[in-house]
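Trainee: I have a structure I would like to understand better, so I am pasting it below and will then ask my questions one at a time.
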Amino acid sequence: LVLSLAWLGPALGGEDKDEEVVEEEEKEKKEDEVLSDEIKEEDNVLVLHEHNFARALSENQLLLVEFYAPWCGHCKQLAPAFAQAATELRNESSPARLGKVDATAQTTLATEFGITSYPTLKLFRDGNRTHPLAYTGRMDSQGIVRWMQRRAGPSATLLQDTDTAAAFVNSQDLVVIGFFKDLRGETAQAFFEVAAEMVDMTFGVAEAAELFQAYGLSADTVCLFKKFDERQTNFPVDPARGLDMAELTRLLRIHSLQLVMEFTNETSNQIFGAKIPHHMLLFLNKSSSEQLSLRDGFRAAAGGFRGEVLFVVVDVTGHGADVLPFFGMTAADAPTLRLVKMENNRKYQMEQDNFSDSAIRTFIQAVLDGKVKPHLLSAEPPEDWDTRPVKVLVGKTFEQVAFDETKNVFVKFYAPWCPHCEAMAAAWEELAERYKDREDIVIAEMDSTANELENITIHGYPTLHYFPAGPGRKMVEYKSSRDVETFSKFLENGGTLPEEPPSVSEVREPPVPSG
């Protein structure tokens, strides 16, 4: 669930190496055996190590290598899909092969290719060892196969005449055609690169004069054809600047989406993959015809914000039910509107919901202009929040505790579902027990999935921040080992460890509400 919902807070990425795990591996690691350059296979995946890696590169035109750790949960989850993709590519006699490296055992290779988290996938082309390409596709078998197919063959279909072009345009709900006067020129080559990367879209290419004429074009242009919303959207290539691949990718992502999306399991990747900076959400109960009619005003407001704000309908009785707690809502709150700023996950709501298109447009513009304060979630403080060794903070009590000028406050920001948070829970309790009689030290925790702060954004769990006593609203991020002795040393040393300069920042004071 959380993986698919960027509205919910920090995303889960690859698993970083824990210091404790690395030390354990080092202790347990036996002397490397002397290995030949023979290449063995497991489920059609090449098993690679430092002695056969060069041979694998020389024998395979396209080799996608997964660098993994045996203990990594994400790697275990990927393994069946990776093997299935390897088998599919093998069965279709593709020049693309898949390989894997145990990066905890093959440390020389891990160091050479800068592996810092697992799993990491890199593509090696034509035996080139020095410039592998980072894998950017989906982490499932179909995603891997399509990503490799695009790199193995032509990434765009050559369209020779109006009949083949028309058939191509009608073949799918959405296709992209690049019209170029010279298919060997830099502009066309950049287009082919974009096509190779965007494996979830179908690309064609044309240079025949009759095709330029048929589609009303006179110069190099990329066209997006859709069976919904606008039927043809043109992106002319700037003759001076050429084709900007990043900009074209962004425009295609934005315009390939429906003007108003419905949040489902199938669309969530599209919604978050488009990287549109704001999402406007209409929460409604689809079983209510009265609430369904609110989509008309919502849609009418959407056109003027394309690319800046993505409009999404969320059914509170369907796929959207799972996200409600992250907005502090229940199904009974529908219909209602929320705007989310994706950069920092800040949520905004109207003082009173108004579903007319003009009210929605006015509200969005006010948020974009910085005239609306974010709506911050806060749980209610437990009755015994300050009687236990670990003080339980919530959004509405955080300010008075963390910035008490007479206290040094050490806070753990956590998520209830986070295994790393669970792993350090006992150490945090023990630390609090050790300092419970110290008037000047407070050990606290806050569930960041239920509480939000205006000027502090939590990007991962657990995050530890130390707020020293005195004026100035200082905040020090703790980045060292998560054990009681190191925590204690950090506290006794005034919020720093001798071997590490502290990461100190200043937290702005929330503005005093007017009125």
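One is the number of the first residue shown, and numbering goes on along the chain from there.
Even glycines carry a Cβ here, placed using N, Cα and C.
TrEMBL entries are annotated by machine, without manual review.
According to TrEMBL, the protein carries these features:
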type: DOMAIN; residues: 3-153; note: domain 'Thioredoxin'
type: REGION; residues: 12-31; note: region 'Disordered'
type: COMPBIAS; residues: 16-26; note: compositional bias 'Acidic residues'
type: DISULFID; residues: CYS72-CYS75; note: disulfide bond
type: DOMAIN; residues: 367-496; note: domain 'Thioredoxin'
type: DISULFID; residues: CYS418-CYS421; note: disulfide bond
type: REGION; residues: 492-515; note: region 'Disordered'
Trainee: For the C-alpha pair, I'd like the distance in angstrom between CYS75 (disulfide bond) and CYS421 (disulfide bond), rounded off.
Mentor: 20
Trainee: Fill in the CA-CA distance, CYS421 (disulfide bond) to CYS72 (disulfide bond), as an integer in Å.
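Mentor: Per the Cα atoms, CYS421 (disulfide bond) and CYS72 (disulfide bond) stand 17 Å apart.
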Trainee: Can you give me the Cα-Cα distance between CYS418 (disulfide bond) and CYS72 (disulfide bond) in Å, rounded to a whole number?
Mentor: 15
Trainee: Just to be sure I understand, if DSSP states are collapsed into helix, strand and coil, how many residues of the domain 'Thioredoxin' (367-496) fall in each?
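Mentor: Going by DSSP assignments, the domain 'Thioredoxin' (367-496) contains 36 helix, 27 strand, 67 coil.
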Trainee: Let me know the model's mean pLDDT on the domain 'Thioredoxin' (3-153).
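Mentor: PLDDT averaged over the stretch: 84.
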